[in-house]
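Here the structure is laid out as structure tokens; the discussion comes afterwards.
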Amino acid sequence: MKTLYSLRRFYPVETLFNGTLAXAGRDQETTGFAWWAGNARLINLSGKLLGAHVAHAGLIVFWAGAMNLFEVAHFVPEKPMYEQGLILLPHLATLGWGVGPGGEVIDTFPYFVSGVLHLISSAVLGFGGIYHALLGPETLEESFPFFGYVWKDRNKMTTILGIHLILLGIGAFLLVFKALYFGGVYDTWAPGGGDVRKITNLTLSPSVIFGYLLKSPFGGEGWIVSVDDLEDIIGGHVWLGSICILGGIWHILTKPFAWARRALVWSGEAYLSYSLAALSVFGFIACCFVWFNNTAYPSEFYGPTGPEASQAQAFTFLVRDQRLGANVGSAQGPTGLGKYLMRSPTGEVIFGGETMRFWDLRAPWLEPLRGPNGLDLSRLKKDIQPWQERRSAEYMTHAPLGSLNSVGGVATEINAVNYVSPRSWLATSHFVLGFFLFVGHLWHAGRARAAAAGFEKGIDRDFEPVLSMTPLN
């Protein structure tokens, strides 16, 4: 099974190093890769590669559990989550655990349970990883043919793809079931400032769900990132879960068509490059989602979005100056435009001043003050509620700006506070990781294509120029 073909033929890159460090079957002589090339040594050792992946999953889940408990231990219920540098508890709160009206945390026990469950799971995964890396069979093909594979076996590869798609679909439906049957999820748009509620009236209309995919990514359109009600989000997960599960069944039952067999490269490194490309796209989309979207990422937990903090500042000073007697409908600003209110290019009444660029912001504390033609002057004069004033003042002072040394706020502000928004961290980290994954995709795709074409660019190490040069010393 292991010697169907010469490994050197398929992995012609030489990595000269001390090959004696590795154990039998994983040394440079048999694999063509030195110890520091990591899992490349395990390309044809399915049992050992399984161990590496299970151990990696254990590390991931251990981080989730340990970081979860760390955040619980440091959590102060009196302060908003976004002031405490939390990135995991906001996700749990968004799922409706431990929070009540207005996003107030009423019970931290579910967060503790989540951390402990992840820690216990990581121990199981860690044991499985060590077992398969050190004790289990090197290859699975002989003893467990269902779990064995050859990278070139196109039918087996699409079967594995199908299994993965079904698991992803089940994951999407877990969110659907949580929202429908198990206590609901947090809805920032619930009247009076947000609350946990069960989603009863799902959006299943394909024109609505797939309409998001057809929207422009620019301006007030915002592609799928513009989704702003939970019915659409949960309905989208029903569609996505169904497509993943049906697609998974399809890939398990069918063999790749001739055009796919010809068009794609069928090797382990090619599959790695495809996966890295997909993860890169996920990273870039997640970056935009957490930066702009305050429905999937409620501002009560993640802090305001950039546009939201800016509009909140305009609103706060409109409230203040209106109380002091200013006529906010007609006051002129220094540029001759309205100081507090002006018209957008399409005629809606919007906030004036620098925040005009964010005129298409939608936020639950602001929408009740809009009429059919933008902000409603009579509502601004009579209907502003104390909770809207409090929330906008809070958001105004917590813009998602900040430097790496955690001095938050506008860089020129002398009263800057020690605050960096989780939105900043999550958006920048996902952008950077998405970029790294994209570079990894290019790298591995190039190597996979070169190997498939039967050539390999590199230095002929038997005749390196440096070998004939005078030693430096």
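Placement of Cβ uses the backbone N, Cα and C atoms for every residue, glycine included.
What Swiss-Prot lists as N-acetylthreonine is Thr15.
Taken from Swiss-Prot, the feature phosphothreonine covers Thr15.
Sequence-distant neighbours of the transmembrane segment (69-93) (same chain, 6+ residues past either end, Cβ-Cβ under 8 Å): 99, 103, 105, 108, 110-112, 114-116, 119, 186, 297-303, 394, 398, 419-423, 425-426. Taken from Swiss-Prot, the feature transmembrane segment covers 69-93 (among others).
The transmembrane segment annotation in Swiss-Prot covers 134-155 (among others).
The transmembrane segment annotation in Swiss-Prot covers 178-200 (among others).
Within the chain carrying the transmembrane segment (255-275), a Cβ under 8 angstroms from the stretch's Cβ atoms is held by residues 10, 43, 151-152, 154-155, 157-158, 440-441, 443-445, 447-449, 451-452, all 6 or more beyond its ends. If you look up Swiss-Prot, you'll see 255-275 (among others) marked as transmembrane segment, on the strength of sequence analysis.
Taken from Swiss-Prot, the feature transmembrane segment applies to 291-312 (among others).
Within 10 Å of the C-beta of Glu367 ([CaMn4O5] cluster binding site) there are 11 other C-beta atoms, taking all protein chains into account. Per Swiss-Prot, the feature [CaMn4O5] cluster binding site maps to Glu367.
Residues or ranges marked as transmembrane segment by Swiss-Prot: 447-471 (among others).
Secondary structure at Glu367 ([CaMn4O5] cluster binding site), as computed by DSSP, is helix.
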